[in-house]
Amino acid sequence: MGPFEDKLDLLELPSTYPLIPTRDVIVFPYMVFPLFIGRPFSIKAVEEALDNNQRYIFLSLQKDKEKEIPTKKDIHEIGVVATIIRMMKLEDNRIKILVQGVSRGRIKELKKVDDYYQVGVEIIEDPEVEETLEVQALKHSLKDLLDKAISLGKQIVPDLVEIIKSVEEPGRLADLVASILDIKAEEAQQILEILDPVERLRVVHDKFLKEVGILELQQKIRISAREAIEKDQREYFLRQQIKAIQEELGERDEKQEEIENYKKKIEESGMPDEIKEEALKQLKRLEKMHPDSAEAGVIRTYLDWLVELPWNKRTKDRLDLKIAKKILDEDHYDLEKIKERILEYLAVLKLKKESSKDKSIKGPILCFVGPPGVGKTSLGRSIAKALNRKFVRISLGGVRDEAEIRGHRRTYVGAMPGKIIQAIKQARTKNPVIMLDEVDKIGLDFRGDPTAALLEVLDPEQNKEFIDHYLGVPFDLSEVMFICTANRLDTIPRPLLDRMEVIRLSGYSEEEKLHIAKKYLIPKQLKENGLDEKTVEFSDKAITFLIRGYTREAGVRNLERQIGSIIRKIAKKIIETGKKRKYKITPSLIKKFLGAPIYSTEKEEKDEVGVVTGLAWTEVGGEILKIEVTKMDGKGNLVLTGSLGDVMKESARIAFSYVKSKAKELGIDPEEFGKYDLHIHVPAGAIPKDGPSAGIAITTGIASVFTNRPVRSDVAMTGEITLRGKVLPVGGLKEKILAAKRAGIKTVILPKDNKEEVMSDLPPYVRKSMNLIFVDHIDEVFKIALREEKKEVENQESES
């Protein structure tokens with residue numbers, strides 16, 4: 001039977017057929033189509049059809065194409081009886097058959113027979129159709145649309161085109177045109193299920209009309225694109241010809257080449273349209289200038305800055321909290337609050353990214369405050385590593401000119417952008433981690449206030465459109481994560497401080513330093529000096545000896561320096577002897593390498609009258625503060641020395657007044673205050689000192705002198721005093737307690753109002769090793785710190 005012979009006598013068709021459920025394929029009556037058969041039951045159905053010499057099968061679309069073994073409810077009721085024209089076996093156990101649709105049919109019964117599906121089918125014939133004007137118009141229109149579709153580029157087999165044009169039966173014409181429509185299987189099934197030939201013709205006509213409309217639009221787009229390409233190609237061809245002529249004549253146009261190069265860079269830079277407009281405006285100015293003029297050089301430098309900035313380039317944030325925490329833990333010991341803050345930022349960032357709403361997030365502005373050597377700068381580097389961002393450090397120590405932050409205007413000779421834009425260019429991404437180091441040491445002079453310039457940089461509401469004076473166009477800094485570092489907060493202006501989230505880094509205890517040395521400092525120094533842990537081994541005893549005898553600092557910078565010194569001496573010894581053996585570092589070996597210990601950890605055993613151990617906080621950590629008080633013949637004057645500030649002087653006056661007011665309770669003759677002058681001295685005299693925290697220590701010293709009771713040398717104290725003897729809270733207590741611990745003093749008197757802060761900030765092992773006494777009145781301090789009255793033994797001996 002030929003592919004498109006006249007319709008068979010449908011009465012000769014059998015009533016049962018092997019079934020092949022199809023996926024994504026509809027075969028219409030009269031349509032010839034190749035099918036690839038892979039499922040075993042479908043292959044069996046083909047074999048059954050061929051074995052019976054009928055060659056008939058029934059094709060019906062599967063409702064769910066993913067279902068491997070469909071049931072009756074999974075198969076459309078209306079399908080097509082088809083005849084197998086040709087069959088070919090493939091290498092992958094599949095078969096390929098060429099089929100021709102014969103007639104529509106409706107499944108009446110479905111059963112499984114010998115591993116294939118067999119269906120009972122009711123043949124559906126097209127009814128006779130009256131040749132109305134509408135039918136004639138639809139047929140003519142369909143054939144016209146066919147010609148139009150071919151002219152617009154639709155690919156159709158020429159033989160099929162001729163057959164379609166020769167067909168006059170509405171139903172058959174509709175089926176043949178439907179077979180060439182670019183529609184989905186479900187739409188084709190809907191057409192197959194339309195049993196009225198005229199209605200089917202209408203639906204097919206509408207779908208074909210829509211498809212031709214799309215083809216017309218596609219052709220219009222293609223023509224527009226081709227014209228644009230041809231125009232570009234023509235311009236390119238002409239430029240290449242001009243270039244070739246210039247090269248032939250030895251007249252290479254370097255200026256035009258430079259302009260074209262800048263144009264290309266501007267287009268590729270990803271800068272916003274308004275900034276691109278400014279760049280092109282400057283490029284036009286450059287085009288009109290002599291290439292060797294000074295102004296041309298200024299414009300070139302400006303354009304270079306514009307095209308090299310990362311307007312739209314950013315690194316992809318690492319949003320895995322476990323990996324980020326692991327990186328932070330590997331690089332730094334403890335610092336849990338800071339690590340927690342970074343992980344919070346990452347969590348928020350991840351939630352915002354997953355949200356379908358606003359995905360932008362402002363970078364946090366953190367300020368790490370703490371003594372030198374506690375890891376502020378290196379922590380910033382670790383944060384960048386954890387976030388998978390670029391890291392740039394800007395040192396602000398000693399910066400006095402506002403233009404160093406905001407840039408110089410282009411009218412000045414040698415003008416350049418400020419440090420912020422330079423850092424962005426260096427990072428090559430618009431979302432780096434930028435560390436503003438030593439922000440507390442920014443200077444101020446007649447050239448402006450750099451801290452005022454930082455107000456805009458560090459304000460998330462303003463830095464979205466930060467304008468550098470040199471660029472003159474806005475740059476978005478909102479995605480930058482700014483981290484500031486400082487040793488102290490009192491020198492940072494209040495408006496600038498308000499824009500930052502302050503995180504304090506305290507000094508390290510001896511135990512923490514031991515851990516840091518073992519886990520971080522020693523491996524780092526071994527690697528830097530070409531040795532390994534197999535060659536050099538530090539015992540815990542040796543590290544502790546090194547910490548106590550050769551370093552007295554809040555951080556670990558000097559400790560690392562001393563470790564490096566020891567390792568370098570070992571490296572020298574290995575080279576000199578030519579023998580590489582294992583060195584076990586002991587306290588005696590440290591003495592041999594570094595000399596006698598610089599610091600003594602033993603406290604003074606002798607209790608003295610008028611000598612009190614106070615505690616002070618400095619920008620380099622906590623310190624022991626010896627306060628000396630003595631009385632001498634005079635008229636009740638108060639003498640203060642030791643470079644004391646106004647607040648500390650007032651504390652001394654308050655202390656003196658309190659002791660005077662409590663003379664009776666303390667057993668002091670009130671007349672003594674008029675007979676003697678009081679001298680208070682705080683060594684070292686060259687170092688300025690201020691603050692109210694020495695109040696209780698000064699009061700204790702004065703009381704000691706007038707009562708002749710020695711002060712315990714194994715007790716340190718800190719706290720502010722009032723005229724009523726109340727002990728008020730002070731700051732920097734963790735650093736002060738660690739300073740006392742370093743000095744071997746285990747008993748520390750502290751204000752009661754600071755108890756909660758101390759208990760939360762101090763590590764448990766430090767709390768256990770110290771005797772912390774919390775007081776709210778100076779009388780409690782006297783009971784703890786003052787011993788019984790000193791006997792006048794020395795005077796008696798001198799008389800005899």
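Each Cβ is built from the backbone N, Cα and C atoms, and glycine gets one as well.
Since this is a predicted model, take the numbers as computed values, not measurements.
Per Swiss-Prot, the features are:
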- S693: active site (ACT_SITE)
- K736: active site (ACT_SITE)
- G370, P371, P372, G373, V374, G375, K376, T377: ATP binding site (BINDING)
- 17-212: domain 'Lon N-terminal' (DOMAIN)
- 606-788: domain 'Lon proteolytic' (DOMAIN)
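Following the DSSP three-state reduction, the secondary structure of K376 (ATP binding site) is helix. Taking the mean position of the Cβ atoms of G370, P371, P372, G373, V374, G375, K376, T377 as the ATP site, the remaining residues of that chain whose Cβ falls within 8 Å of it are F368, T485, L505, A554, G555, R557. Mean predicted confidence for the domain 'Lon proteolytic' (606-788): the pLDDT average there is 89. Taking Cβ-Cβ distances under 8 Å and a sequence gap of 6 or more within the same chain, the neighbours of V374 (ATP binding site) are L505, S506, G507, Y508, A554, G555, V556. Closest by Cα distance to S693 (active site), from the recorded positions G370, K376, K736, is K736.
Cβ packing within 10 Å was compared across the binding-site residues G370, P372, G373, and the lowest neighbour count falls to P372.
Here the CA atom of G370 (ATP binding site) lies 13 Å from the CA atom of K736 (active site). For T377 (ATP binding site), the same-chain residues that are 6 or more apart in sequence and have a Cβ closer than 8 Å to its Cβ are R393, M435, D437, T485.
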